[in-house]
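J.: Before I ask anything, here is the structure I am working with.
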């Protein structure tokens, strides 16, 4: 990425998968992707149990179907969002317009902060419902490890998405600085590598 500008290499350059995978925001996005799989996978797989005298399954989180639905929905949508922004990160060096790059980074900031908030709400909600669960609703303690995994990885997701928002803010700062520099000195070479 020699002579790049606005937070990426020159537009139209060849895609380098090794350089792409070494970027911190790519690694964090992949980590967030895995965390979302763990959360919704553990709830879907072992998040519903029933008592011995019942045939209908109930959510392991205090028999509150909304808790399981929230964890599954946030997990699946975060999974899809990670895929979308991984594709945008791969395409980002091909964007030649400064305004379009700025829009992409601003959307990354908003989406990452939004998901950090949703994971915080999910962590609090699942933890509260897990603490309120009664032992007689699940006498064999089925799915306890899955519930704890969903709670734990919801907690980790708060930080991965929050750090993704932080990295996007840094990228925006670099884009804004480069944009102002180019406005003041239109014939000078780019400062950012």
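Keep in mind that glycine also has a Cβ here, set from the backbone N, Cα and C atoms.
Bear in mind that TrEMBL entries carry predicted annotations, made automatically and left uncurated.
Below, the features straight out of TrEMBL:
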- 20-173: domain 'MARVEL' (DOMAIN)
- 30-49: transmembrane segment (TRANSMEM)
- 69-88: transmembrane segment (TRANSMEM)
- 109-130: transmembrane segment (TRANSMEM)
- 150-169: transmembrane segment (TRANSMEM)
J.: Let me spell it out: take the transmembrane segment (109-130), skip the flanking residues so only those 6+ beyond its ends count, and list any with a Cβ under 8 Å from a Cβ in it.
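T.: Residues 32, 39, 59-62, 64, 67, 70-71, 74, 78, 81, 85, 147-148, 150-151, 154-155, 157-159, 161-162, 164-165, 168-169, 172 contact the transmembrane segment (109-130) from elsewhere in the chain.
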J.: Near the transmembrane segment (150-169), which residues from the same chain, at least 6 beyond its ends, have a CB less than 8 A from one of its CBs?
T.: 24-25, 28-29, 31-32, 35-36, 38-39, 42-43, 47, 71, 78, 105, 108-109, 112-113, 115-116, 119-120, 122-123, 126-127, 130
J.: For the domain 'MARVEL' (20-173), report the average pLDDT of the model, please.
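T.: Taking every residue in the domain 'MARVEL' (20-173) and averaging pLDDT yields 91.
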